[in-house]
Amino acid sequence: FVSYQVEILDWKTKEQLCFLDKVEPNATIREIRLMFHKFYPQWYPARQSIKLDPKGKPLRDEEILQHLPVGTTATLYFKDLGPQIGWTTVFLIEYTGPLFIYFLFYFRMPFVYGLDERFSSSPHPVVNLACICHSFHYIKRLIETVFVHRFSHGTMPLRNIAKNCLYYWGFAAWVAYYINHPLYTPPSYGKKQINFAVIMFLLCEAGNFSIHVALSDLQRNGSKTRKIPYPTKNPFTWLFFFVSCPNYTYEVGTWISFTIMTQCVPVGLFTLLCFIQMTIWAKDKHGTYLREFKDYPSLRMPIIPFLL
């Protein structure tokens with residue numbers, strides 16, 4: 001067979017960092033990363049971004065050298081992504097924080113609300129229910145992180161963890177402060193409003209979990225190749241008929257129901273921000289599906305059936 005020569009240049013300075021001789025044509029980008037790592041131990045594979053063009057997209061691990069638009073002497077560009085942290089660890093940190101932060105407010109710690117007699121009175125039943133629902137949501141997320149999710153990208157830049165935690169932990173504290181405040185006012189329509197919201201909350205949580213399981217099943221054999229997700233026998237997955245990312249649809253539905261349940265303005269603002277962020281993610285994923293699959297179902301929208 002014809003062996004390849006691979007030179008790896010710095011994406012900014014164009015300086016040659018290493019030259020790999022007699023590389024097999026069927027070598028994957030992952031194998032090239034490992035070869036590069038031998039030259040530079042400080043740049044482990046997850047920290048490397050390898051590109052065909054300095055301004056192009058990073059090459060995926062499974063891409064094969066001979067299938068790339070290069071000659072037998074291939075030029076690749078390296079960019080240091082900085083220290084990385086595994087996505088499982090990221091999610092465990094992000095989701096454990098809100099779980100325990102919420103309890104600080106729910107148990108009305110003296111340093112939060114003070115020692116006034118009113119502040120130690122028994123909370124309204126909906127406050128207890130909100131704590132159960134909030135805790136359930138994040139415990140479910142932690143369980144999914146450990147047992148369900150399969151990550152196509154193994155790591156995230158370590159520098160992003162502070163920003164992500166500020167978002168999740170900060171909002172958990174803000175929301176919890178008002179819901180558990182001794183002067184909190186329960187929902188206007190009482191039990192009817194609360195019961196409706198709880199049913200909606202549980203349905204959305206079940207739907208979100210069902211979608212995560214369905215997406216995980218697509219990569220059951222360890223394959224990282226993107227596939228079109230389709231509805232299964234589980235009715236909660238039938239939303240795939242109409243949207244590309246029903247997990248986000250259900251997630252937004254969960255927070256809308258929590259807003260209705262608590263009738264709390266900070267929860268509503270958090271829900272709005274969730275919706276904006278998840279719409280951005282859904283549109284991006286929907287666009288990727290359309291680019292990669294010519295037979296992608298035309299009826300689907302990114303996040304809201306028939307609308308958005």
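Any Cβ shown, glycine's included, is placed from N, Cα and C.
Quantities reported herein were computed from a predicted structural model and do not represent experimental measurements.
Going by TrEMBL, these are the annotated features:
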- 5-80: domain 'TECR-like N-terminal' (DOMAIN)
- 85-107: transmembrane segment (TRANSMEM)
- 155-308: domain '3-oxo-5-alpha-steroid 4-dehydrogenase C-terminal' (DOMAIN)
- 166-184: transmembrane segment (TRANSMEM)
- 196-215: transmembrane segment (TRANSMEM)
- 235-250: transmembrane segment (TRANSMEM)
- 256-276: transmembrane segment (TRANSMEM)
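Relative to the transmembrane segment (235-250), the listed stretch 196-215 leads the set 85-107, 166-184, 196-215 in CB pairs under 8 A. Simply put, out of 166-184, 196-215, 256-276, 166-184 has the most Cβ pairs sitting under 8 Å from the transmembrane segment (85-107). Summarised as a single figure, the pLDDT of the domain 'TECR-like N-terminal' (5-80) averages 91. Helix, strand and coil content of the domain 'TECR-like N-terminal' (5-80), in residues and according to DSSP, is 17 helix, 29 strand, 30 coil.
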